[in-house]
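S.K.: Quick paste from TrEMBL:
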DOMAIN    22-114  domain 'Prepilin peptidase A24 N-terminal'
TRANSMEM  12-36  transmembrane segment
TRANSMEM  98-117  transmembrane segment
TRANSMEM  123-144  transmembrane segment
TRANSMEM  151-169  transmembrane segment
Amino acid sequence: MPNLPDSPSFWLFLSFGSFGAASLGSFYVTLSFRILEYYYGKNRKSFSFFEKWKRIFILPSSCDHCKAEVRYPKLLPIFGFFISKGKCQFCNGRIRPLFPLIEFSFVCVFIFCFSLTKNPAFSLVFLFLCGHLLISCLTDAFHFSLDYENLPWILFFGITSVFLFNGKLPGLNELYVLGGFFSCF
């Protein structure tokens, strides 16, 4: 395998970055389903704006069915699903296989980006962009609704990714595309 870098720092960053990517994927998939629950589901009128965001970010991970708190080691990204055998230990409710699939896809995106560019900042910022795109995809897939509050974050992480990848801010051509996008929506 002559194309692989031999630098120990490359492999060290790739290892820790992959675990971080899986954790970030776990955070974003959980965040997506909590946004669906508190902004589009049965709890959308139950809490104030600040109470919703507090519950979205502060409440520990729990079963979707019985609301029992998920504890370590079942909380580990990717592996926790297999440790728990895809079921809640309290109510035997099924855990969505989408969770480990998305966590693993975040690892794959990180490995691809970092191996291709050798740019750790771009690889991490691109994962944040993918996370916000995931939120938009899941709100669209489950409720046929675009999460417009998420668009500024997508724009921010998209511009930052372009800057970190190319070394310059988007030019006039990119602004024309953005203007066309905003005029349609």
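Using N, Cα and C of the backbone, Cβ positions are placed for all residues, glycine too.
No curator has checked TrEMBL annotations; they are predicted automatically.
Let's see these features in context: how buried, what's close, how far.
M.R.: If you average pLDDT over the domain 'Prepilin peptidase A24 N-terminal' (22-114) in this model, you get 89.
When Cβ-Cβ distances below 8 Å are used as the criterion, the transmembrane segment (98-117) is approached by residues 13-14, 17-18, 20-22, 24-26, 28-30, 77-78, 80-82, 123-124, 126-127, 130-131, 134, 165 of the same chain, each at least six residues removed from its ends.
Beyond its flanks by at least six residues, the transmembrane segment (123-144) meets 17, 20-21, 24-25, 27-29, 31-33, 35-36, 40, 102, 106, 109-110, 113-114, 117, 150, 153-154, 157-158, 160-161, 164 of its own chain at Cβ-Cβ distances under 8 Å.
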S.K.: Taking helix as H, G and I and strand as E and B in DSSP, count the residues of the domain 'Prepilin peptidase A24 N-terminal' (22-114) in helix, strand and coil.
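M.R.: Output for the domain 'Prepilin peptidase A24 N-terminal' (22-114) reads 51 helix, 4 strand, 38 coil.
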